[in-house]
Amino acid sequence: MPKNSKVTQREHSNQHVTESVADLLAHEEPIDHKASALNVSGEESRGKQLEDTSELEDRPAWNSKLQYILAQIGYSVGLGNVWRFPYLCQKNGGGAYMVPYLILLILIGIPLFFLELAVGQRIRRGSIGVWNYICPRLGGIGYASLLVCFFVGLYYNVIIGWSIFYFFQSFQYPLPWSECPSVKNGSVVIVEAECDKSSATTYFWYRETLDISNSISDGGGLNWKMTICLLSAWCIVGMAMIKGIQSSGKVMYFSSLFPYVVLICFLVRGLLLRGSVDGILHMLTPKVEKMLDPQVWREAATQVFFALGLGFGGVIAFSSYNKQDNNCQFDAALVSFINFLTSVLATLVVFAVLGFKANMMNEKCVVQNAEKILGYLNAGVLSHFLIPQHVNFSHLTTADYADMYEVIKKVKEDGFQDLHLDACLLEDELDKAVQGTGLAFIAFTEAMTHFPASPFWSVMFFFMLINLGLGSMIGTMSGITTPLIDTFKVRKEFLTVGCCILAFLLGLIFVQRSGNYFVNMFDDYSATLPLTIVVILENIAVAWVYGTKKFMQELTDMLGFRPYAYYFYAWKYVSPIFMALLLSASVIQLAFSPPGYSAWIRQLAEEQYLLYPTWALSLLICLIILAILPVPLVFILWQFQLIPDGSNKLSVSYKKGRMMKDISNLEDNDETRFILSKVPSETPSPMPTHRSYLGPENASPLDLGGASNGRYGSGYLMATTPESES
């Protein structure tokens with residue numbers, strides 16, 4: 001106990017102690033008792049937030065810092081890094097897209113990521129407990145995060161199920177999607193019409209894997225193959241989560257590191273492919289004019305937002321198992337930049353492979369059009385004098401075809417369109433934007449069919465997708481189970497199994513024949529708008545309700561050093577403004593772009609963009625409203641005092657061994673007797689001297705000598721509880 005504490009001074013004096021508990025615990029300078037953690041009335045009552053210290057001591061913890069970092073990396077690095085970022089890079093100007101992405105990563109990504117890491121580590125609770133503590137009226141933020149996590153988990157595990165199906169199908173040679181199936185019609189063998197009109201990989205995806213219907217309104221019944229794969233995916237997630245971080249932390253060692261091994265192997269293999277350099281140069285060549293397009297900045301902000309997993313609650317859940325003095329400021333920057341570099345690595349791999357595929361498709365285009373020209377020459381439609389002398393049809397190069405194409409186009413200017421000849425430009429093939437499932441299950445699989453030892457590379461690729469998805473699913477499930485376990489004190493084993501069973505049953509909607517359309521609906525609309533609102537409210541709750549100065553002071557006490565002043569301004573001004581702009585842009589886009597989806601039409605063997613029917617629009621709106629509903633609902637319940645907050649009691653706890661002491665509605669005599677207990681070991685120490693954080697302009701270092709810096713600091717509450725440092 002500090003020698004200069006008020007309790008010690010009074011023990012060595014003969015003066016009668018008349019101060020109350022509140023006076024004894026008062027800080028050196030005047031404070032606002034309404035904002036005190038020990039205040040028992042008003043909206044800032046912390047009655048429900050005062051923690052049982054024995055429970056906090058028993059809280060699980062990461063085995064090592066490496067395990068924690070790998071868990072955060074595994075959660076933030078997911079399927080979006082492999083198929084969403086490369087698509088946006090291709091669509092929005094190649095290398096130029098990385099400039100707005102990096103700017104927005106620094107302006108809003110890292111500060112908000114640090115904010116979630118800090119509140120989780122500071123309060124040591126899941127999303128529900130964290131936001132109930134920060135501001136009870138905004139406690140609905142935690143429930144909204146939980147609901148969004150649940151919606152995302154429902155369809156995200158379906159993608160893992162698809163990857164499992166392709167993984168087992170890859171143990172064949174040749175790969176089952178390398179050629180179109182043939183149909184016998186008597187003695188004649190003909191190629192399946194749907195496959196002939198599209199491609200072997202496209203046919204395998206839409207017909208053999210999904211057996212997809214023509215529209216979202218045509219359910220078509222369950223796809224039994226995908227149902228089994230979905231069940232397998234939930235069994236894997238359940239086993240990884242059954243013991244909490246004790247089991248999931250061990251899984252993360254493999255699921256977080258293995259994708260990097262595969263990506264590096266694919267990059268080396270891709271660079272050895274013919275035409276891979278064309279793809280990489282296409283990616284790195286910046287189209288600077290694209291940077292002036294506001295849509296590019298909006299999509300970059302959205303990608304930053306989702307790449308780091310902000311608002312889901314998984315980041316908070318993982319950081320809540322940290323030690324109080326963990327340097328989460330460094331963790332925020334480290335994980336954010338690893339995430340960015342992973343996206344760049346994945347983009348290099350994707351464009352190397354797509355460059356190879358583009359060259360293959362371009363050569364195929366040249367051969368097909370050369371056959372057309374030969375037919376026109378034999379039929380007399382074209383004159384042999386139009387063919388340059390150096391052109392050799394038996395060894396036709398893309399350059400020779402380009403020369404021949406330009407000559408025919410000039411001479412046959414009027415009737416050129418009737419010849420139906422394609423330019424076969426490599427640039428056109430590279431500009432074909434492919435995203436999401438189309439990139440992973442169609443474009444990439446088609447390229448791998450041309451690899452030597454293609455089954456091996458296919459097995460590696462889809463095993464990587466399974467691990468990427470598993471890492472993200474563990475974080476998503478932690479965003480569901482951790483706050484529920486903290487709030488309702490249920491057994492983690494029962495809760496995990498129950499969540500997996502419920503999610504599997506609800507997920508059956510995604511494995512019917514129209515299930516892919518529901519996956520796209522949930523992916524596009526169930527998370528984007530709700531999560532943007534959730535993160536804005538998180539930022540406002542910390543910066544403007546709880547107070548940026550107060551929060552920075554608490555971080556200084558917790559970390560042992562003052563965080564960069566940059567975060568002060570980012571949380572208070574920069575991030576809220578950018579997030580408000582992002583929310584406005586998302587709402588405007590939703591208003592001016594009628595919600596729709598790409599439907600696969602079997603008879604035409606091509607995709608068509610269809611608008612959602614009325615019932616689907618109603619479902620879409622219900623998803624958005626349901627995800628946000630907890631925020632206003634909890635606010636109203638608190639506003640009208642319909643939630644019991646325990647404000648009639650003053651509960652102050654401290655720990656001695658395994659025994660807890662509580663005070664409720666103390667009388668003056670009881671209060672004095674408790675403070676001046678004759679047993680020294682039972683005498684609680686006062687709170688550390690309060691030092692107001694004066695903002696980033698106060699550059700003088702804080703004097704931390706008077707405060708305990710151990711795991712259990714001096715005070716009525718353990719240092720690991722938020723109240724002990726308020």
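Residue 1 is the first one shown; counting continues down the chain.
Note that Cβ sites are derived from N, Cα and C of the backbone, with glycine treated the same way.
Look at TrEMBL and you will find 36-56 (among others) tagged as region 'Disordered'.
If you look up TrEMBL, you'll see 43-56 marked as compositional bias 'Basic and acidic residues'.
Same-chain residues lying 6+ beyond the ends of the transmembrane segment (68-86) with a Cβ under 8 Å from its Cβ atoms: 62, 159, 245, 248-249, 252-253, 255-257, 259, 283, 303, 306-309, 314-315, 318-319, 321-322, 326, 331, 334-335, 338-339, 342-343, 346-347, 350-351, 435-437, 439-440, 465, 468-472, 474-476, 478. Annotation comment: TrEMBL describes 68-86 (among others) as transmembrane segment.
Sequence-distant contacts of Gly74 (Na(+) binding site), defined as residues of its own chain at least six apart whose C-beta falls under 8 angstroms from its C-beta, comprise Met252, Ser255, Ser256, Leu470, Gly471, Ser472, Ile474, Gly475. TrEMBL lists Gly74, Val77, Asn81, Asn339, Leu468, Ser472 with the feature Na(+) binding site.
What TrEMBL lists as transmembrane segment is 98-119 (among others). Long-range neighbours of the transmembrane segment (98-119) within the same chain, counting only residues 6 or more positions beyond its ends whose Cβ lies under 8 Å from a Cβ of the stretch, are 89, 130, 134, 286, 291, 296-297, 300-301, 303-305, 307-308, 310, 315-316, 319, 328-329, 331-333, 335-336, 340, 344, 535, 538-539, 542, 551, 555, 563, 566-567, 570-571, 574-575, 578-579.
As annotated by TrEMBL, transmembrane segment applies to 140-168 (among others).
Annotation source TrEMBL lists transmembrane segment at 222-242 (among others). Sequence-distant neighbours of the transmembrane segment (222-242) (same chain, 6+ residues past either end, Cβ-Cβ under 8 Å): 157-158, 160-162, 164-165, 209-211, 248, 251, 470, 473-474, 477-478, 481, 492-493, 496-497, 500-501, 503-504, 507-508, 510-513, 515.
Feature annotation from TrEMBL assigns transmembrane segment to 251-272 (among others).
Among the features that TrEMBL reports, transmembrane segment is placed at 300-321 (among others). Within the same chain, residues 59-62, 68, 71-72, 75-76, 80-81, 84-85, 88, 92, 97, 100-101, 104-105, 108-109, 112-113, 116-121, 123-127, 130, 142, 145-146, 148-149, 152, 245, 328, 331, 335-336, 339-340, 343, 472, 475-476, 478-483, 527-528, 531-532, 534-535, 538, 578, 582, 586 sit at least 6 positions outside the transmembrane segment (300-321) and bring their C-beta atoms closer than 8 Å to a C-beta of that stretch.
The transmembrane segment annotation in TrEMBL covers 333-354 (among others). Residues 69, 72-73, 76-77, 81-83, 85-86, 89-90, 98, 101-102, 105, 109-110, 113-114, 260, 263-264, 266-267, 270-271, 273, 276, 279-280, 282-283, 307-308, 430, 434, 439, 443-444, 447-448 of the same chain lie 6 or more positions beyond the ends of the transmembrane segment (333-354) yet place their CB under 8 Å from a CB of it.
According to TrEMBL, the feature transmembrane segment maps to 456-482 (among others).
Taken from TrEMBL, the feature transmembrane segment applies to 494-513 (among others).
Sequence annotations record features per position, and here TrEMBL assigns transmembrane segment to 525-546 (among others).
A Cβ distance under 8 Å defines the sequence-distant neighbours of the transmembrane segment (566-592), meaning residues of its chain 6+ beyond its ends; these are 104, 107-108, 111-112, 114-115, 294, 298, 301-302, 305, 329, 528-529, 532-533, 535-536, 539-540, 542-544, 548-549, 551-552, 695-696. Sequence annotations record features per position, and here TrEMBL assigns transmembrane segment to 566-592 (among others).
What TrEMBL lists as transmembrane segment is 612-638 (among others).
Under the heading region 'Disordered', TrEMBL lists 679-708 (among others).
Long-range Cβ contacts of Val77 (Na(+) binding site) within its own chain (separation 6+, distance under 8 Å): Ser256, Pro259, Ile338, Asn339, Thr342, Leu468, Gly471, Ser472. Listed as Cβ neighbours of the transmembrane segment (140-168) (distance under 8 Å, sequence separation of 6 or more from its ends, same chain) are residues 79, 126-132, 209, 225-226, 229-230, 232-234, 236-237, 311-314, 437, 441, 445, 458-459, 462-463, 465-466, 469-470, 472-473, 476-477, 479-480, 483-484, 503, 506-507, 510-511, 515, 518-519, 522-523, 526-527, 530-531, 533-534, 537-538, 541, 623, 626-635.
The Cβ centroid of Gly74, Val77, Asn81, Asn339, Leu468, Ser472 marks the Na(+) site; residues of that chain outside this set whose Cβ lies within 8 Å of it are Ile73, Tyr75, Ser76, Gly78, Leu79, Gly80, Ser256, Pro259, Thr342, Gly471, given in sequence order. Within 10 Å of the C-beta of Asn81 (Na(+) binding site) we count 25 further C-beta atoms, all protein chains included. Residue density at Leu468 (Na(+) binding site): 28 other Cβ atoms are found within 10 A of its Cβ, drawing on all protein chains shown. For the binding-site residues shown (Asn339, Ser472), fewest C-beta neighbours within 10 angstroms: Asn339.
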